[in-house]
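Over in TrEMBL, the protein carries these features:
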{"type": "REGION", "residues": "1-85", "note": "region 'Domain I, interacts with DnaA modulators'"}
{"type": "REGION", "residues": "103-319", "note": "region 'Domain III, AAA+ region'"}
{"type": "DOMAIN", "residues": "136-265", "note": "domain 'AAA+ ATPase'"}
{"type": "BINDING", "residues": "Gly147, Gly149, Lys150, Thr151", "note": "ATP binding site"}
{"type": "REGION", "residues": "320-440", "note": "region 'Domain IV, binds dsDNA'"}
{"type": "DOMAIN", "residues": "348-417", "note": "domain 'Chromosomal replication initiator DnaA C-terminal'"}
Amino acid sequence: MDSFNDVLSAAKAYCKERLVDATYNLYIDGLEAVSFEGSGKVVLAVRNDFICTIVRDRYTPLLKEALAAVLGFDVEVELVVPAAAPEKPAPEPEKPAPVSAPSGKYDFTFENFIKGPSNQFAYAAAQAVASNPSGAYNPLFIYGQSGLGKTHLLNAIQVEIKKNHPDFNIVYVDCEKFTNEIITAIREGNTESFRQKYRAADVLLVDDIQFIAGKESTQEEFFHTFNTLHNAGKQIVLASDRPAKEIKSLEERLRTRFEWGLTADIQPPDFETRVAIIRRKAELFNLDMPDDVAEFIANHLKNNIRQLEGAVKKLNAYYMLEGIQPVIGVAQNAIKDILNETQPVPVTIEKIIGEVGRTYNVTPAEIRGMRRTANISSARQTAIYVVREITGMSMEDIGKEFGGRDHSTIVYSLKSMENNLNNDRHLKETVEDIIKNVRS
Ligand SMILES: Nc1ncnc2c1ncn2[C@@H]1O[C@H](COP(=O)(O)OP(=O)(O)OP(=O)(O)O)[C@@H](O)[C@H]1O
């Protein structure tokens, strides 16, 4: 059996767990591997046109999800019926494919966190909190750029505390989810159960706390949650992409609280740590990674551990699918792909309107619509301003996005916003944070 077939079998098993037997047997079980193209396209053969149409219309997303779960990166899926399928190449000479296909998956634990000068302080602080919650470091505030291990450390704290205190109520939440929950609770007049959920925590871990910037009702609610927990001697851990003092539209009373305990930063890893991380990730795949290749990757991907992981996953996929050994030339391609994939994605209008909506506590439909209560009008004006700032769209096009408003209305709105920004420091900081958050 060649390794592409191994991948397809694992992907089928993934689908099997998610479909009823009859559906699986009819549409997925019979799929056959045709080819895998280096560009990331998987071609599969389907028995006949009828099944092909159904699989294409209904099951391609699941197949893509399954293949991504097995391979560790996204692929396109093309379906062909056998008559149209390209000739299968003659059997190739034995490829040195691995016997089994370890998934490379691992738990976000302390044991699996590689330490180096750039992260050892944050690591030690996280361990101290995990072994003695509500001790000297409360809250623990961890900050660092994207992909450097903040979420990994929050999870490690959670796992460790759970091990030592199985009865503890540990609540982990992403700040965006916390914000959405509070907005919904306020709208539905159901803030009590929201409060109970968070204030009953023995340990509260909040990821991406920078998203609280500018959101007044979320800040108000979080302030009370924080006080209740802190007064009751419960541990709070916060992770952010920037230090508290750089979250501009954060209320002063929260900023001081965030700095009450211990602040620990994570910096990009140095060369030795990057090499150690690459080796460890390769081990998880059972992939034999030569030193020169590990060093080559470490020399080219410097600022993000997620990217290092991505490069190792790609090398593993080349080996698994095509029997290509990890050598520098292949690593070069993998790095190029990773850098292309991680180009900043253009910010969409939906994302801007969503973030402004969460900040002002109004819905995207209200921002795009015609109602003119003070709060909705302010949110709309801010959204128009941010859209113009970030996308540089023409006034006409912005008008179309905002309920078909005409050119002069948009010009007026931008002028009055600029005027407000000059006179209102709080508004200016809020807008700066919104722009940072939608770009991150
Ligand atoms: N020191 C480390 N040792 C091993 N793996 C690490 C280390 N640091 C980060 N990673 C891995 O890198 C990936 C990205 O880490 P993580 O998601 O924790 O980053 P983050 O700082 O929370 O990023 P973001 O702000 O984008 O959410 C994860 O798979 C994580 O396990």
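Note that the numbers count up from 1, one per residue, in the order the chain is shown.
Quick reminder: no glycine exception, Cβ is built from N, Cα and C everywhere.
Curation plays no part in TrEMBL annotations; they are all automatic predictions.
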Neighbour count (Cβ, 10 Å) for Lys150 (ATP binding site): 25
The region 'Domain I, interacts with DnaA modulators' (1-85), counted residue by residue under DSSP: helix, strand, coil: 48 helix, 16 strand, 21 coil
Local confidence of the region 'Domain I, interacts with DnaA modulators' (1-85) - pLDDT mean: 84
Those residues of the chain, 6+ apart, with a Cβ under 8 Å from that of Gly149 (ATP binding site): Phe113, Asn119, Ala122, Ile266, Ile305
Cβ-based neighbourhood (8 Å from the centroid) of the ATP site, residues Gly147, Gly149, Lys150, Thr151 excluded: Gly144, Ser146, Leu148, His152, Leu153, Ala239, Ile266, Ile305, Arg306
Neighbourhood of Thr151 (ATP binding site), C-beta criterion under 8 angstroms, separation at least six: Phe108, Asp207, Ala239
Lys150 (ATP binding site) - helix vs strand vs coil (DSSP): helix
For the domain 'AAA+ ATPase' (136-265), the number of residues DSSP places in helix, strand and coil: 67 helix, 24 strand, 39 coil
Close in space, distant in sequence - Gly147 (ATP binding site), Cβ under 8 Å, 6 or more apart: Asn303, Asn304, Ile305, Arg306, Gln307
Three-state composition of the domain 'Chromosomal replication initiator DnaA C-terminal' (348-417), taking helix and strand from DSSP: 53 helix, 0 strand, 17 coil
